[in-house]
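Visitor: Could you have a look at this structure, given as structure tokens, before my questions?
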Amino acid sequence: MRPNPAISTSSASSTIMESSPVREADPEKTDRSPYDSSSTRQSLDRIPSQQRETEANIYPEPANVVAADLEKGGLGPEGNQNLQTAAKSDDAPPPAAPPGFSPADFPDGGTQAWLAVFGGWCALFCTFGLINCVGVFQAYYLDGPLRDYPSSTVSWITSLQVWTMTLGGALFGRLYDSYGPKYLLYGGTVVYVFGLMMTSLSTKYYQFILAQSLVSSIGSSAAFNASMASVTSWFFRRRGAALGIMVSGSSLGGVILPIMMTKMIQQVGFPWAIRAVAFMFLFLLGISCLTVTSRLPPRPRPFVLKEYVDGLREPRMGITVVALFLFFWGMFLPFNFVILQARAQGMDENLVTYLLPIMNAVSILGRIIPGFLADKLGRYNVMIIITFISAVFCLGLWIPGKNNAAIIVFVVIFGFSSGGFISLGPALIAQISDIRQIGIRTGTAFAVQSFGALTGSPIAGAIVASQGGRYLGLQLFCGFSMLASVCVFFAARYVQVGFSFKKVV
């Protein structure tokens, strides 16, 4: 309802305290804050426009952090419509975020924030760092205890490992929103180390599935999701850079762990190699438990399945998640099969051992540099570029490259570009989400991605087997799945800013 211009400024304060009967409020102004009562809201509607700032301070609007998170021109269809509606009302108050949720409330630095980044770095070293060297497990199993199984069957061990870890985000993200990171970190550390110890005792196929693919991955998922969501809560404008620094821990893990495990398997055997890794992870995850904190207080609430579906119904969220799935479908294939493919091309075994460390070493830069660029140029813009580079070099270099130099160049370029994808994926989800739901939204995205990781390697292994050990079909599947993700990322950008050359941050 329109404010009465006859009411003076001096009488406005008394009007706030009144609860006199008034006509039914304008539907557009109802339920605008979870904190107000209907009678008080109706009284506040009678305040003239110059008093609206007082109202905003008393009854802050719930934040749609997404709108604040996109620069001019990047609000998308919903944001533009809201701005047009606000422009039509001369006395409409500017939207205000609850304390702690507006962009200005994010510290974007400070001791606690950077300690959280360091703790997250340690957690990523242990979790995704081990995922980055699944090729070592694949090669060991095929040459050792599982030599009688086909490659496509053995691939299910590492595929289930990645799937369980990423799918767990749907549950652990929800638990993070309700209870914070500590329970997830402590519990995840215990379960993860226990699962690795059981892996060291395994000799049968089903034992590797239970210990490595399920138990250890559940603990890994809890620690990973708690760390990722916590760091996001501390940073806004520098979020891409902070996440890039944090996930570089997984790249360094991918450099150290393959060399460490390969040498230890040769010298002391697989069981003690895994135990040494487990003890190292126990120490590093202990640091994570002490340093990773969330800026936001826990908000316990009942589990509602509808919350997962609601996020995917939003066009920009749903399209972005599909794009993440498609890239995940092909992303792990070079990590899983480049060792086997290089051996098939006749590469020297001493050089083959260092392919994964080279890929992950370059990935350190790939996870940091695109994060900084994304904060300046736009996260969707940079994501489209790096996924396009991955697809083009997979199709244009990995397929025709038949010598050592070509394979190494591909490993370097793909390591850099795929590293950028890992750091920017969570940043995209945070950008289009309310920070108070960051756990469940990132968890939902990871859950959908997980099915790409689950099916990608077994499909690729089956393709190799059907082609008599040749890798052309695998390489085509890898390249075109990533190329499809480029198109879908562009569609996600289009629903927000169209074809215009604007920055989506």
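From the backbone N, Cα and C atoms, a Cβ is placed for every residue, glycine too.
Because TrEMBL annotations are produced automatically, they should be read as predictions rather than curated entries.
Quick paste from TrEMBL:
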| type | residues | note |
| --- | --- | --- |
| COMPBIAS | 1-20 | compositional bias 'Low complexity' |
| COMPBIAS | 21-34 | compositional bias 'Basic and acidic residues' |
| COMPBIAS | 92-101 | compositional bias 'Pro residues' |
| DOMAIN | 113-496 | domain 'Major facilitator superfamily (MFS) profile' |
| REGION | 1-103 | region 'Disordered' |
| TRANSMEM | 113-141 | transmembrane segment |
| TRANSMEM | 153-176 | transmembrane segment |
| TRANSMEM | 183-202 | transmembrane segment |
| TRANSMEM | 240-260 | transmembrane segment |
| TRANSMEM | 272-296 | transmembrane segment |
| TRANSMEM | 317-339 | transmembrane segment |
| TRANSMEM | 351-373 | transmembrane segment |
| TRANSMEM | 380-399 | transmembrane segment |
| TRANSMEM | 405-430 | transmembrane segment |
| TRANSMEM | 442-465 | transmembrane segment |
| TRANSMEM | 471-492 | transmembrane segment |
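Give me the structural setting of these features: burial, nearby parts and distances.
Guide: Long-range neighbours of the transmembrane segment (183-202) within the same chain, counting only residues 6 or more positions beyond its ends whose Cβ lies under 8 Å from a Cβ of the stretch, are 123, 126-127, 172, 175-176, 208, 210-212, 214-227, 270-275, 277-278, 281-282, 285-286, 288-289, 292.
Long-range contacts of the transmembrane segment (272-296) within the same chain, counting only residues at least 6 positions beyond its ends with a Cβ under 8 Å from a Cβ of the stretch, are 100, 106-107, 112-113, 115-116, 118-120, 122-123, 125-126, 130, 176, 180-182, 185-186, 188-189, 192-193, 196-197, 199-200, 223, 226-227, 229-231, 233-234, 257, 260-261, 264-265, 435-436.
Beyond the transmembrane segment (317-339), the same-chain residues lying 6 or more positions past its ends with a Cβ under 8 Å from any Cβ of the stretch are 132-136, 138-139, 155, 158, 162, 166, 311, 352, 355-356, 359, 387, 390, 394, 398, 407, 410-411, 414, 418, 421, 425, 428-429, 432-433, 441, 444-445, 448-453, 455-457, 460, 464, 471, 474, 477-482, 484-485, 488-489, 491-492, 495.
Here the transmembrane segment (380-399) has long-range neighbours at 323, 327, 330-331, 334, 366, 370, 373-374, 406-407, 409-410, 413-414, 417-418, 420-421, 424-425, 428, 472, 475-476, 478-480, 482-483, 485-486, 489-490, 492-493, 496, 503-504, meaning same-chain residues at least 6 beyond its ends whose C-beta is under 8 angstroms from one of its own.
Listed by sequence, the residues of this chain that lie at least six past the ends of the transmembrane segment (405-430) yet keep a Cβ under 8 A from its Cβ atoms are 69, 128, 228, 232, 239-240, 243-244, 246-248, 250-251, 317, 320, 324, 327, 331, 334, 338, 341-342, 345, 347, 355, 358-371, 374, 379-380, 382-383, 386-387, 389-390, 393-394, 397-398, 438, 441-442, 445, 449.
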Visitor: Out of 113-141, 153-176, 240-260, 442-465, 471-492, what stretch is closest in contact terms to the transmembrane segment (351-373), meaning most Cβ pairs under 8 angstroms?
Guide: 240-260
Visitor: Output the single range from 113-141, 153-176, 442-465 maximising the number of Cβ pairs under 8 Å to the transmembrane segment (240-260).
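Guide: Ranked by Cβ pairs under 8 Å, first place goes to 113-141.
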Visitor: May I ask for the residues of the chain that lie six or more residues beyond the transmembrane segment (113-141) and have a Cβ under 8 Å from a Cβ within it?
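Guide: Apart from its flanks, the transmembrane segment (113-141) reaches 107, 149, 151, 154-155, 157-158, 161-162, 165, 185, 192, 208, 212, 220-221, 223-224, 226-228, 230-231, 234-235, 242, 245-254, 256-258, 261-262, 265, 270, 277, 280-281, 284-285, 287-295, 332, 335-340, 356, 360, 363, 422.
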Visitor: Mean pLDDT for the domain 'Major facilitator superfamily (MFS) profile' (113-496), rounded to an integer?
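Guide: Result for the domain 'Major facilitator superfamily (MFS) profile' (113-496): average pLDDT 89.
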